[in-house]
Amino acid sequence: MYGKSRSCSNRYIINSIKRLTKFDLAREAYRRSRSFNMSLQKDKLQYMSGFGNEFTSEDPRCPGALPQGQNNPQKCKYGLYAEQLSGSAFTAPRESNVRSWLYRIRPSVKHNPFKPIDNGLFTNDWDKVKPNPNQMRWKPFDITKASQKKVDFVQGMATICGAGDTKGRHGLGIYIYTCNTSMDNKCFYSSDGDLLIVPQQGGILITTEFGKMQVDPNEICVIQQGIRFSVAVSGETRGYMMEVFDGHFTLPNLGPIGANGLANPRDFLTPTACYEDKDCNYTVISKFQGHLFSAKQDHSPFDVVAWHGNYAPYKYNLDNFCTMNTVSFDHVDPSVFTVLTCQSLKPGTAIADFVIFPPRWSVAQNTFRPPYYHRNCMSEFMGLILGKYEAKEEGFSPGGATLHSMMTPHGPDAECFENASSSDLKPQRVADGTMAFMFESSLSMAVTEWGNKTKVDEKYYECWQPLKKHFTIDENDTNGPSIAKKKKAT
Ligand SMILES: [Fe+2]
């Protein structure tokens, strides 16, 4: 049995090799070595724990690179340049004042002029299409195969919806990224806002000026305004991204919950300094006022040997979320699942909340347990990282999305309503093996031309059409008002 199986297997391998051209073999060897290198790098990566800390980090190859007692000495050790990256106004109040000092081989100003490039499917122009108040659902977005066309992270960005204005620094954009190849001697940064990245298929190895982060599906990361980064992938890759123009993400206040719970600060991880001293033909892509620009320079921008400050990228594993929920009755508002928020100037009102629906126990009594039927003065964009969303078992797939715009009604589909209205309310695990999320905004978002015509599920509205009329006036119904009963009493 063993010999037969081995010979079949050998024959299969020989036939497979015959089918492969030299080019295929070389490409496969490159892919495997790249994937191997990515996993090696992933194992070596180190992070610092905490949210909004004053971090210090020095590449161990250059001990003492970080100046002591001052930020900007006359001469930096190792011949480094000192450069400040400001994430807030110089005079912002201390609790919201963020900046970092970078000690680098060359200052980031050493580049050729930026020139406009084709934006592709990326836009922050919300006025090109007519508004659409319908519930919208998208099937999983297609990922181009590398054999058809090589697409990197920047080339694969597409805007699905958004609102506001990059020049006025007020608003947000929601993007889908799909790619199949790593960015090669190329980096990206946004001058317009902070990016929250949610990988859905395939991990991404992100090299930033502050160090490297491996971000896998079920993890998220934030790369703030101005920070240059490059994305390496090891296959077909897809995810969601939100950009906020107003300010930075913070942890939500916990109120009566107390000092702990939801996303705990210690679970946020910031990369450590890791420089590359590389002279090469390098491309910097800038997103500026909603448009893409490209500039050439003669070196890698990831040449930061040491840095300190409280303005730095971070990642977070969604499994670490300490979920709060009702232990008595009624479905709690989804704000209780907020991981990060970017607040507007209106108290308690977000430009964007990042909310998740994690695995948890459901124990509420005398309650319709799934999300209630709802109309909202906020816009709700949802994505699914893995599994099935609890309020809609069918049709909402990983890599797809939904948008319920301002005052557009939504809620459980008919099947979910019928099941949840009659199910036995014993303690039950919910959402195991699933991670759905929501970008919720107080702004009224427009769907782009691409969003209106790509992978749209035109039949979405049908999931609510089987909802039945259950209204009855029953003399024996002890739960509801009974006209007949009242008449009898009088
Ligand atoms: Fe809702």
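Yeah, the Cβs are placed from backbone N, Cα and C, and that goes for glycine too.
Residues or ranges marked as active site, proton acceptor by TrEMBL: His331. Here the Cβ of His331 (active site, proton acceptor) has 15 other Cβ atoms within 10 Å, regardless of which shown protein chain they belong to.
Other Cβ atoms within 10 Å of the Cβ of His374 (Fe cation binding site) number 14 in total over all chains. His374 (Fe cation binding site) falls within a strand when secondary structure is assigned with DSSP. According to TrEMBL, the feature Fe cation binding site maps to His374, Glu380, His410.
Here TrEMBL flags Tyr389, His410 as homogentisate binding site. Within 10 Å of the Cβ of His410 (Fe cation binding site) there are 21 other Cβ atoms, across all protein chains. Mapped onto three states, the DSSP output places His410 (Fe cation binding site) in strand.
Feature annotation from TrEMBL assigns domain 'Homogentisate 1,2-dioxygenase N-terminal' to 46-318.
Annotated domain 'Homogentisate 1,2-dioxygenase C-terminal' per TrEMBL: 320-471, in sequence order.
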Can you tell me whether DSSP puts Tyr389 (homogentisate binding site) in helix, strand or coil? strand
Looking only at the domain 'Homogentisate 1,2-dioxygenase C-terminal' (320-471), mean pLDDT returns 94
For Glu380 (Fe cation binding site), list the number of other Cβ atoms lying within 10 Å of its Cβ atom. 21
Give the distance between the Cα atoms of His410 (Fe cation binding site) and Tyr389 (homogentisate binding site), rounded to the nearest whole Å. 14
Specify the secondary structure state of Glu380 (Fe cation binding site) as given by DSSP, simplified to three classes. strand
